[in-house]
Structures are given as C-alpha cells and as structure tokens.
Amino acid sequence: MGDGDYHPLPGDAESVAEPPTRAQSGATTTTISTRKRPRLASLDAFRGLSIALMIFVDYAGSILPAVTHSAWNGLRLADYVMPFFLFIAGVSLALVYKRIPNKKEATQKAVLRALELVFLGILLQGGYLHGLNDLTYGVDLEKIRWFGILQRIAIGYIIAAACEIWLSPSDIARGSEIRLHKKYYFHWGAMLLLCGTYLGLLYGLYVPDWQFKVEKSSGSTISNATFVLKTVNCGIRGDVGPACNSAGFIDRSILGIDHLYKKPVYRNLKECQKLESAPSWCLAPFDPEGILGSLMAAVCCIIGLQYGHVLNHFQEHRDRLLKMLWLSFPILVLGLLLAFLGIPLNKSLYTTSYTLVTTATAGFSFCIMYLVVDVYRQRWMSFVFEWMGRHSLSIFILIPSNIAIIIIQGFYWKLPKNNIVHWIVSIVKHN
C-alpha cells in the first residue's frame, strides 16, 4: 500500500493557503489569490521529525536507556512520539476538511481510512510477525493483540474527523479571521466530555482482584508447557499504579488478558528487577495503547484540529504564530497544574496531564518548525524530514515495524543465524 491522501500518517494536508511574501503583497494580491497555493512544508517536516524520533528511540533505546519510554510515571524522549503523531494528524484533518461538500461522503472516507490503519496495525503489531531472529510467522487468534500504535492513531483520527465534519460551524467562511475558541465551542465541549469520561473511569471504577497465567515450560515442546496461576490483589478505586489501575481492568474485561501487550514497559521498574521478590503483576500483560487511554488520544487529535483552524483562518505568518503560541501556553500550564495536583505524567495510562503537556510541547515544536521552514524558508534544514513526512507510513511499516529487517535477515548463509542482521546485533551487544 503506497502513500497518499488516505492516511493521517503520510500527510492528508496536500494544500493550504500559504501567506504571500512581502514581494508578492500589494499590487499582486489578486494574482496570488487565484493561483494554487503550495502546501505548507512544515506539516511534512514535523511528521518526518516524528517518524525520525520514533526510529531513533526504538533503535537507540537499548544503548541509551535515557531516551526510551519511562517505566511508569515521568517523561522521556520516547514518550513524546505518539502525541506528536496524533497532534499532526489533527492539524492535517482540519486542512483536509476545510471544505466539506458532502458530510456523509466525508465520514465514509474517514471511516475507511481509520479501518485501513486498524488493519495495518493488527498485521504489524498483532503478533503475526515474530520479530528479529525469527523467520517464522503466524499468530494464534486466541492471543492476537488487537490494539497498537496505528489502532490508537485510527481512534483519535476518526473521533477528530467526526468533530470536524459534524461539529464545525457552517456559518463562517474558511479563511476569515475569527475567534476560534468561540466558533469551535462544540470541539472544546467534546474534549471536556472525553476528559471527564476518562477521569471518571480512571478514578471512579472499582478494580477487583484479578488473576493471570504464567507459562512455565517443562520441556522443549508446547505440549509440555505448564502454567502457574498468579493473583493480583486490588479491591480498590482510583489507583494509578501498574497493578490496579482501571485502564488495565477495562482492557482485561473487554479485550481479554491474552490479547494484551506481553512486554509492558513497567517491567523496567526497580521492584520488577528483583526476580525472587518481584510483585506478581510484573509478569502480567498490559496494553499501553488500550481502550481508556484512546479517549485522551482523541483529545490530542482534537487539539491538533485547533492549530489547523489557525492555519485555515489566518493568513499572515505573525498571526498564525501568535495564535498557535496562545493555544500552547495555557494547555501546557493546565497540564503542569494537573501534574502538581496529583495526576501523574504517565504515557502508559495516557493521563490528562500527560496529554496536555506533550500536546502543548508538540504545539511549540510545530511553531518552531513553521518559523524555520515556512517563514524563513530554511528548507536545507528540513528537506530530509519533509521527505520522511511524505512517506511516513511506508517508513513506519519498513523500519519501526521491522519489516525491512525481517526481509534482510531472510537471506542467510547455510544457517538462519548467519545473516547480516544477527551479525550487526552481535557486534552492538559485545560493544
């Protein structure tokens, strides 16, 4: 499947009115308004930056642990990647749907785009491919992972698309300068509803004791495998730790514990490193891209919509930058305030404070990218990111999803382990 307008990853925003330069202003205004505007390069560059960050943290994480995901609470470089993708997907949506001649047709296309991402996500991260050093493939449907990175983007995408298609005001002309927070009040209402639902479930849902099975192999074949039943004692509400949070409870209840991510990042916590005395939940599955957190992922996308509205309704560089900075500052302050009040910055739970802080950071980063690439036109600094942004879905499939590596290691000499991938990994480990 190639790149194009069908996915939020590769860049739905093909064109948006770019402000005229000073040399173009004045007498040439009429000519400029009638010719086709080039797309904003900063959109592709920011998306390319996001995919570059993903590749860096995925492959450098084993060498530089400081850049990988935080074990539970806190923020590291890898924790910004997903919000950056969701943010720019929201920005792109606002530009794609700046003209909606047929709402039903637009909705159908958005649903199809989301379903494409879900299908790809299940194929790439559902367990069908067995990763490095394993040339086999196939997955037991009783253990397939239903949620993942692309599925979360798809959920945020479709909710944000529905807001843009059905909840946007129809009585204003796109390109007119308006008070965005007043005209798009339904969008802010949707965000409040999603945040309220998330917080109500996170802190109000009762989490009972639960059990899971740990495979303990007594031989070399699957038939000889035995299982040990582990119990996690909870009986609590409002816990935001790894063991008894309501996000995990919802996923276990709806998806089933066998369909969750088998190697959660909380296994890197200090208490889980003590093999003999580690809590039982250290071995339990947990999905960081689960159901509850996807509500906040949609909030991230809808916030991105508001930045796209700025690009649609304001034509001067200065106005655009000021409005986007005006959006970013209060979102950041609110996120930090919530963290101070006790809602932790947690990527695995996708907490409200985490969503706001990382989305505001994405907003600031996009302002910098817009300033460098579209205002000062320093394209030499971003042309690699622009190219990656235009082909981000293909790059995601080939590199972060390890498809390219799996293909390369399929060529070996006499024995499967005699391949270039195994050779490179061995060198890195020994160094």
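Sequential numbering from 1, following the chain as shown.
Using N, Cα and C of the backbone, Cβ positions are placed for all residues, glycine too.
Curation does not apply to TrEMBL; its annotations are automatic.
TrEMBL lists 1-31 with the feature region 'Disordered'.
According to TrEMBL, the feature compositional bias 'Polar residues' maps to 22-31.
Look at TrEMBL and you will find 39-162 tagged as domain 'Heparan-alpha-glucosaminide N-acetyltransferase catalytic'.
Annotation source TrEMBL lists transmembrane segment at 45-68 (among others).
Look at TrEMBL and you will find 80-98 (among others) tagged as transmembrane segment.
What TrEMBL lists as transmembrane segment is 110-129 (among others).
According to TrEMBL, the feature transmembrane segment maps to 149-167 (among others). Below 8 angstroms of C-beta separation, residues 8-9, 82, 85-86, 89-90, 93-94, 97, 100, 103, 106-107, 110-111, 113-115, 117-118, 120-122, 124-125, 184, 186-187, 190, 194, 289, 293-294, 297-298, 300-302, 304-305, 396 of the same chain, each at least six residues beyond the ends of the transmembrane segment (149-167), sit close to that stretch.
Sequence-distant neighbours of the transmembrane segment (188-206) (same chain, 6+ residues past either end, Cβ-Cβ under 8 Å): 159, 163, 167, 181, 235-238, 240, 245-247, 249-250, 292, 295-296, 298-299, 302-303, 349, 351-352. Here TrEMBL flags 188-206 (among others) as transmembrane segment.
Marked as transmembrane segment by TrEMBL: 291-312 (among others). Long-range contacts of the transmembrane segment (291-312) within the same chain: residues 13, 16-17, 40, 82-83, 86-95, 98, 147, 152-153, 155-157, 159-160, 163-164, 174-175, 180, 184, 187, 190-191, 194-195, 197-198, 201-202, 246-247, 250-251, 254-255, 320, 323-324, 327, 331, 348-352, 354-355, 358-359, 362-363, 366, each at least 6 residues beyond the stretch ends and with a Cβ under 8 Å from a Cβ of the stretch.
For the transmembrane segment (324-345), the list of distant contacts is 73-75, 240, 303, 306-307, 310, 351-361, 363-364, 366-367, 370: same-chain residues at least six beyond its ends, Cβ to Cβ under 8 Å. Feature annotation from TrEMBL assigns transmembrane segment to 324-345 (among others).
According to TrEMBL, the feature transmembrane segment maps to 351-373 (among others). Residues 40-42, 45-46, 49, 75, 79-80, 83-84, 86-88, 91, 195, 198-199, 202, 240, 296-297, 299-300, 303-304, 307, 320-321, 324-325, 327-329, 331-332, 334-336, 338-339, 343-345, 379, 381-382, 386 of the same chain, all 6+ positions outside the transmembrane segment (351-373), place their C-beta atoms under 8 angstroms from a C-beta of that stretch.
The annotation transmembrane segment is assigned in TrEMBL to 393-413 (among others).
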Chain residues outside the transmembrane segment (80-98) and at least six past its termini with a C-beta under 8 angstroms from it: 5, 8-9, 11-16, 43, 46-47, 49-50, 53-54, 57, 106, 149, 152-153, 156-157, 160-161, 164-165, 168, 174, 297, 300-309, 311-312, 347, 355, 358-359, 361-363, 365-366
Per-state residue totals over the domain 'Heparan-alpha-glucosaminide N-acetyltransferase catalytic' (39-162) - DSSP helix, strand, coil: 80 helix, 3 strand, 41 coil
